Amino acid sequence: MMNLRLAAARIIDQVTDGRSLSDCLDAPLSAVKDARDRAWVHALCYGVCRYYTRLDAVLGHLLQKPMKAKDSDVHALLLTGLYQLMYMRVPDYAAVTETVNATAQLKKTWARGLVNAVLREYLRSRDRIEKTLEADPEASFAHPQWWIDAVRQDWPYHWQSILHANNQHPPFALRVNRRLISRDKYLEKLADAGHPAKAIPETDSGIILETPVAADELPGFSAGEISVQDGAAQLAAGLLDLAPHLRVLDACAAPGGKLTHILEIMPDLAGLSAIEKEPSRLPQITENLNRLNMRADLFCHDANDVSGWWDGRLFDRVLVDAPCSASGVVRRHPDIKLLRRQSDVGMLAAEQRRLLASLWQVLKPGGFLVYATCSVFLQENVFVLRDFMRSHQDAAEDKLIVDWGLPCEIGRQIIPGMHDMDGFYYARLRKLPSGC
Ligand SMILES: C[S@@+](CC[C@H](N)C(=O)[O-])C[C@H]1O[C@@H](n2cnc3c(N)ncnc32)[C@H](O)[C@@H]1O
């Protein structure tokens, strides 16, 4: 039988090696029969990622010398042990004994004594260690130092609340397909099915469930009455100011959350094109479109290579939901804190600039482009837009007059947790007719 703690440690070991948590979870968990056991490993892995820098700092106080790279499995197992002791409702004796027992399958006999000694020493000295860590930002905010510095510089009044919100559990949000059912009716349906929920007031269709459940267990999911989507992501389609017979482009489309929302709001467009660069992500778009009984023109292409996918007809609306650091959705994907490097942000910003410049060419004069990221870093948001507008005299900001987010020099930022939403940035640009 699979040892759950060892399974979790192996997953964490892979994440520290650069793989995403969601990619690493599936295979080992498919071998775990009991759903409660799967949920437990899931919670343990997410938790270790969420508090990785804090757990690692605690471990640093308990080890005589750092672990060798070849023993990263033992290192990961120690972190899972500490996480159980610090954050889970596992009795201390069980957390220690079971984590020590997990070493049996590692074929490293010395690990048993080390894990036992480290976890017991933590129990003896936890108060002292935790006091010492108060002065260590990486430990107390549970983020890498470069990330803390960047958020602090960008958001001098909000940085602590951003970092704090990043470490919370995200709400489970849905979008109601109002073509099929009103939000109020769906809320009633949920209540009847024993799933209390509330509306997200800043959105037309958003709701948050009190307790998360698998989406396909919810009433009307297969019939297309709902989609899983955070409230902040639900704001994009509304910003496009859709109307019948427009030609619309979703330039970075997978998995199709905003694409399908566009069609829910405005099914009688003249055309909706969707581009996605990654072939492996295209089936997710098709699956979402099929479930909702919708269609769009899909292109698997690099949106920057305009001549490769464009038929020469201009678009009235362009959505650029740009690839980004995902620094606004850390509460959903805590492994981002381990995977992301500071240098990634600059590279992503370069790609965002490229995408904006490429896609501006296919926008009709008088049309709108909505730029979105799920990032809180100015480097990927305001700075990208500022540079773009300096170099494009035919671009004017169309200010968002809305009741959500914080106003920025250009666009608006929802910081994580604000309105119960993920961190998101939006800006809207209008293409001026030539000669303006
Ligand atoms: C933030 S996600 C989009 C989420 C999507 N709009 C939704 O709401 O479901 C960004 C997507 O853009 C894709 N992408 C990145 N660079 C691209 C490019 N140059 N051309 C087209 N797609 C790109 C990524 O593979 C990723 O699927």
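For all residues, glycine too, the Cβ spot is worked out from N, Cα and C.
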Since TrEMBL lists CYS252, ALA253, ALA254, PRO255, GLY256, GLY257, LYS258, GLU276, ASP302 for S-adenosyl-L-methionine, which candidate among ASP230, ASP316, ASP321 does it give for that site as well?
ASP321
Taking the Cβ of ALA254 (S-adenosyl-L-methionine binding site) as reference, which residues of that chain separated by at least 6 in sequence fall under 8 Å from it?
GLU276, GLU278, ARG281, LEU282, GLN284, ILE285
Pairwise C-alpha maximum, in angstrom, for the residues (CYS252, ALA253, ALA254, PRO255, GLY256, GLY257, LYS258, GLU276, ASP302, ASP321) that bind S-adenosyl-L-methionine according to the record:
19
Surrounding CB atoms that lie within 10 Å of the CB of CYS252 (S-adenosyl-L-methionine binding site), all protein chains:
22
